[in-house]
Amino acid sequence: MRRVALGLACLAVVLVGQATPSRPSHAAVYARYAVAADHPLASDAGARVLAAGGNAADAAAATMLALGVVSPASSGLGGGGFALYYRASDRSLTFLDFRETAPGAATNDMFARREGDTDEVAAQRSMTGGLAVAVPGEPAGIDALIARFGSRRVTRAQIASHAERYAREGFAVSRYVSDSSRVALALLRGDTLLAGWLGADGIAQGARITNPQLAATLRTFGRQGAAPFYRGAIARAIVDAVSARGGVMTAEDLAGYAVRERTPISRDAFGRRWVSAPPPSAGGITMLQSLALLEAWQPEGGWREGAAFRHALTQSWIGSYVDRAAYLGDPDHADVPTAALLADDRIARRAAIFDRDRALPAERWELPLAPDETRAPSAPPSDHGTSHLCVVDEEGNIAAVTTTVNLLFGARVSAAGMVLNDEMDDFARELGAPNAFGLPGGAANLPRPGARPVSSMAPTIVFEGSRPVMCVGASGGSRIPTATEQVALVSLLFDAEIGEAMSRPRVHQQGSPATTLVERGVDTGTRLALWRRGHDVSETPTVANVQTIRIVRRDGVVELHAASDPRKDGEPRGE
Ligand code: DON
């Protein structure tokens with residue numbers, strides 16, 4: 001329980017800030033291209049690359065690199081992520097998995113409680129320090145995005161130049177980064193780079209900080225791509241920093257890293273096709289299961305925004321979190337029954353569980369797969385901060401990217417100017433033990449050499465017929481898929497203008513804990529109606545941070561409605 005409390009404290013850290021009324025700058029309409037990131041300087045880097053002739057892949061790469069500089073609490077070259085890319089010329093959809101991997105010396109019980117551990121000490125081991133760091137995938141992922149889909153009209157050095165400039169010349173610290181530093185203050189003091197930015201009270205909002213080491217690292221990336229991060233000087237710096245803080249990552253672990261190309265998952269619901277992240281993400285499955293159930297539960301005349309809809313939303317998510325704990329893992333290391341989890345008959349059986357008037361506990365949503373639907377998750381071998389962005393370019397290519405170092409400032413360990421991730425906490429520390437987001441993990445998600453931990457990240461593209469109509473995704477741990485889905489539905493189903501859809505207060509429910517979380521803006525009437533249905537309602541500062549671009553066609557003219565969540569500090573850019 002302490003672990004949960006600690007985890008939720010981390011989550012509160014991740015989710016600093018309040019749902020605020022729309023600022024005029026958080027949403028805008030563009031005619032040619034658009035970038036929506038959670039920091040204006042990052043959106044700006046992407047838009048500049050587009051203005052210079054780059055495409056969505058080039059711009060997404062520039063935006064990711066810039067984010068790692070100006071928002072180091074959330075993402076960067078020391079982390080990893082997922083990119084869903086739509087190429088307009090052949091209408092292809094590709095999912096690049098550049099999630100971090102466990103080092104070769106990882107064992108199932110590496111984070112199990114040791115004798116004499118306090119709860120805090122046991123929990124921190126997978127969140128702060130060398131053991132928490134998984135092999136970064138971000139450099140290889142950005143390189144792959146450029147190599148696979150880039151326009152070749154801009155060079156990698158041009159793409160990296162904006163981030164490099166921010167790191168060298170400095171940038172003003174955002175409210176989000178400042179707030180984040182205050183909450184993680186004591187933990188940041190253990191690292192020379194991070195400690196160097198701190199005042200007595202954290203990193204001051206508006207303070208100008210530089211990161212010359214990261215500028216040099218970005219210059220290397222611009223010239224040589226990802227190679228030096230996996231073999232060479234930067235790789236050595238990563239191993240040294242991790243070892244100095246008690247980690248077990250080796251040069252071989254870095255040399256063995258590879259981006260995986262996977263088939264995205266998709267499903268039809270509400271007259272649209274929803275394409276999202278496959279395992280090792282659980283986020284896409286949560287969203288697709290939920291959409292199918294909501295469609296099945298639709299009242300005559302369709303859903304209207306209100307308490308009944310919010311009740312249905314919360315109920316539609318719980319089963320997928322139960323499934324996640326039971327079946328999800330890295331598909332390259334465990335049998336993950338993705339198709340069975342999304343099968344029509346299974347959705348129909350779960351649809352029949354719903355009670356319009358009563359919130360049901362997680363146990364009621366359990367639906368074990370039959371032996372012929374899946375082999376059991378393989379038995380474990382015995383030996384052994386986040387950011388979402390959307391880019392749409394003039395050719396119609398779309399990049400939906402979610403990138404992470406996991407908790408704020410990752411493992412609070414830096415190397416070559418980069419903040420290293422603490423993605424090891426996304427594994428199951430012990431069977432059933434909740435991670436920082438309160439998510440219990442099963443056998444398929446125990447740490448094992450080379451495996452990728454289960455994620456909630458769900459970069460998503462929505463289609464009407466053959467045409468893409470929306471790019472959307474979020475940061476915010478277990479709340480990622482639920483927030484992403486709400487913004488998409490409010491915009492597409494209820495036809496709210498995108499800035500408005502983004503500002504609308506959100507709810508969240510993940511079965512365990514059983515609480516239904518509501519943002520401050522959820523009105524008393526709705527709270528009461530949920531309470532009457534048996535929900536244990538509790539207020540939360542924010543349900544994740546969403547970035548989105550809706551593609552609207554009016555009389556043959558394309559409008560790009562872009563929005564960055566006012567809960568964070570983002571602003572879209574474009575032309
Ligand atoms: O992959 C995941 O699900 C987590 N590492 C994401 C963490 C996150 O979203 C933190 N948020 N702001």
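Glycine is treated like the rest: Cβ placed from N, Cα and C.
Binding of L-glutamate is attributed by TrEMBL to T404, V405, N406, D426, S455, S456, G477, and within the candidate set R48, R87, R91, R99 the record adds R99 to that site. Shown in sequence order, G80, T386, N421, E423, P453, M457 are the same-chain residues outside R99, T404, V405, N406, D426, S455, S456, G477 whose Cβ sits within 8 Å of the Cβ centre of the L-glutamate site. Mapped onto three states, the DSSP output places D426 (L-glutamate binding site) in helix.
Here the CA atom of T386 (active site, nucleophile) lies 13 Å from the CA atom of D426 (L-glutamate binding site). Residues from the recorded positions list (R99, T386, V405) with a C-beta closer than 6 Å to any atom of ligand 1: T386.
Within the set R99, T404, V405, N406, D426, S455, S456, G477 that the record links to L-glutamate, no two Cα atoms are more than 14 Å apart, and one pair reaches that distance. Across the structure, R99 (L-glutamate binding site) and T386 (active site, nucleophile) are spaced 12 Å apart at their Cα atoms.
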